[in-house]
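Have a look at the structure below, then the notes.
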Amino acid sequence: MTDYLVRAIAKSGSVRALVCVTTATVGEICKRHDTLPTATAALGRGITAGALMGSLVKTGQRVALRFEGNGPLKKIVIEADANGSVRGYVGDPKVHLLRPDGALDVNNALGRAGFLTVAKDLGLKEPYRGTVQLYTSGIAEDLALYLVESEQIPSAVGIAEFIEQDGTVAAVGGFLIQAVPPVDPLVVEELMTRIEQLPPLSELLHEGGNPEQILEQLLAGIPYDILEKRNIAFACSCSRERIERVLLSMGKKELSSMKKDQHGSEVTCEFCGERYLFDEADLDRIIAEIAKQES
């Protein structure tokens, strides 16, 4: 089934909500990185967070999330855009930690101490950046803290996954609810109560709940309009041409040394695992191009 996100706003204009299912996208990305179950859960949460944040920027803009902790997973890096494209990776895909009750321990895998940095490429000279300390290292709570502290928007975020014992991605999804200025404290209180009473999100997802059905439960009793429905999918912007531009920037001396010592160059994209091979003839051509630019 195609992953997608719905965006809605209360008819009163006081609340906006985003709900998405990312199961297929997470499955594809985790397969590319050959992740173990806990790393799969962590990456799945990050991808979902990225999809939610990507829907808040305008066409042509991008957002990057970087969760860095002191645990064995080390980091979760996600990039997403306004079109629903998302990509990501973790520092160590082979991390697999369990809590005493047998649940996947994403929090300690990432590490309790660390930071979340959000960078938005809004088409300006420099991207906008905001950083907060990790709150729980569970991803959803950390993103909510960022939105409240850095963007000053009262927000509630829920992200959940259902990973089978064999590591298969059975269901992943999430929601983001925000109070729209001027903020009504009573509306915020009502929403928080409603979220607390919601059945476990992982159960709703595993039972086949789609974004519209989850949205209906989140905003039960609150009249709302669905503004948009957009597909979410893995997409990587890497290409041989981009890698070649990086090699061009390295200079003749380093490329000549690479040719002599390694007889070529192999570059692997961290986001998708695609391998790009440049043999000695390729390096000679790039070195010649540098010489031409310098003359």
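Cβ atoms here come from the backbone N, Cα and C positions, even for glycine.
Per Swiss-Prot, these features apply:
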type	residues	note
DISULFID	Cys236-Cys238	disulfide bond
DISULFID	Cys269-Cys272	disulfide bond
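Around the Cβ of Cys236 (disulfide bond), the number of neighbouring Cβ atoms within 10 Å comes to 18.
Reported as a whole number, the C-alpha separation between Cys238 (disulfide bond) and Cys269 (disulfide bond) equals 7 Å.
All chains included, 17 other C-beta atoms sit within 10 angstroms of the C-beta of Cys238 (disulfide bond). The Cβ of Cys269 (disulfide bond) has 18 other Cβ atoms within 10 Å, all protein chains considered. When secondary structure is read from DSSP and collapsed to three states, Cys269 (disulfide bond) falls in the coil class.
Cys236 (disulfide bond) is 9 Å away from Cys269 (disulfide bond) when you measure Cα to Cα. Counting Cβ atoms from all protein chains shown, Cys272 (disulfide bond) has 19 others lying within 10 Å of its own Cβ.
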